[in-house]
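Engineer: Here it is, the structure in full.
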Amino acid sequence: MAKEVDYTIKPEATASNINTEDWPLLLKNYDKLMVRTGHFTPIPAGSSPLKRDLKSYINSGVINLDKPSNPSSHEVVAWMKRILRAEKTGHSGTLDPKVTGCLIVCIDRATRLVKSQQGAGKEYVCVIRLHDKIPGGEAQFKRALETLTGALFQRPPLISAVKRQLRIRTIHESKLYEFDNERHLGVFWVSCEAGTYIRTLCVHLGLLLGVGAHMQELRRVRSGAMSENEGMVTLHDVLDAQWLYDNQRDESYLRKVIKPLESLLTTYKRIVVKDSAVNAVCYGAKLMIPGLLRFEAGIELGEEVVLMTTKGEAIAIGIAQMSTVELSTCDHGVVAKVKRCIMERDLYPRRWGLGPVALEKKKLKSSGKLDKYGRANEATPAKWKSEYKDYSAPDGDSSQQAVDVVAKEEASPKEEPSLEANESKMDIDDAQDDEDKKKRKRHEGETPEERAERKRKKKEKKEKKERRKSKQEKDDSDDSD
């Protein structure tokens, strides 16, 4: 029996000579990443995505489903939820009922990636029916197809679930597979931006050829990082896999049908995080330079990256705050901000607040030399004020500002309110009391029915006033038009 490989990165003083070409998912070609440091303290928490226990594996899994023709995408996803007894399911972008092909179904934790998958590029194979023969034949059709690439204006079809507004969508590439002028049929492949209507593209092709056309059949062959050649499964596969586990406790089929969510993130550039910084990132902290282990070449400022652990788990999708050049030269600063956290909180233990500065701050707070929020007060040592930099303060050092405000308040003597001001305030209060007494006297002794009637009339009067006001505003706007 072949020995099972442990796909985990260990601390090392020098650059690794392990060949990671065959390692799975985010750890593939790990040895080619640029090294910031090889030293870190491994924490025995979390596990490799392929070795998670079955419950965690399903809860952070995705299925590359071959959607059948006729049911809608939402129906299919609802069936999957019922079959797998999951809490939440989501999909990578709606397919029309008659359209078949690649529908990525995300389960529980993986639903956090739905938004990014819906915006990913798509590829389709389409059968188009022309309404008549074209004189130029295949060459003319190919030319028309090439013309309709790049940014195109599109309006959603008549029967669509969205508002029919004119929008711009990009067609990256298209290829003609087959064309039959006698039968007025053509088959072509197209790679496009998310939200492109192939039905509208077919109508535009017909207009360009001068004969009219419509879409006969459509299949999605790729959605984001997953294509129909990469472990696509049917609804029957999912049903059988769940049955096999329920009745024979065999989880191998389920593990084959469901893929870890990391398989959707293989196209992102990677940043490897130390185990001690993982939980802080899960709580939304920015990743700083001390928490960085390795990073990919070619990262640009503002680019979306995936933050991962040494075991190959995805922690979050982040926005890079430094380019690759800065990451290799800087000794402090923010590496990335969290855009969407994927990992569960407290899967790794908390390791923040254990540094020398944090411990010193705790000591000063407990001895009363800092206030309960960690800000400086009059008892704060001068050394702390000059050396400590509060990064959470918006403008400059907030602790110093707080001290200045306190000192200012103590320095300026409190002004006593003048006699005239007191008298005028008393007069206003007396007038208010008289008004309240009059109101109470007017409604004294009324029955509950009378009170209800009075309230109803008051409400009607208010509504009438509102209607009159809105009508007046409408008339004014019409006049201005």
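Every residue gets a Cβ built from N, Cα and C, even glycine.
Source: prediction; values computed, not measured.
The following feature annotations were taken from Swiss-Prot:
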type     : residues : note
ACT_SITE : D96      : active site, nucleophile
DOMAIN   : 268-343  : domain 'PUA'
REGION   : 387-481  : region 'Disordered'
COMPBIAS : 406-428  : compositional bias 'Basic and acidic residues'
COMPBIAS : 443-453  : compositional bias 'Basic and acidic residues'
COMPBIAS : 454-471  : compositional bias 'Basic residues'
Engineer: For D96 (active site, nucleophile), which residues in the same chain are close in space, meaning a Cβ under 8 Å from its Cβ, but six or more apart along the sequence?
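Structural biologist: For D96 (active site, nucleophile), the qualifying residues are S72, L218.
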Engineer: Looking only at the domain 'PUA' (268-343), report the model's average pLDDT.
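Structural biologist: On average, pLDDT over the domain 'PUA' (268-343) sits at 88.
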Engineer: Within the domain 'PUA' (268-343), count helix residues (DSSP H, G, I), strand residues (E, B) and coil residues, in that order.
Structural biologist: 17 helix, 31 strand, 28 coil
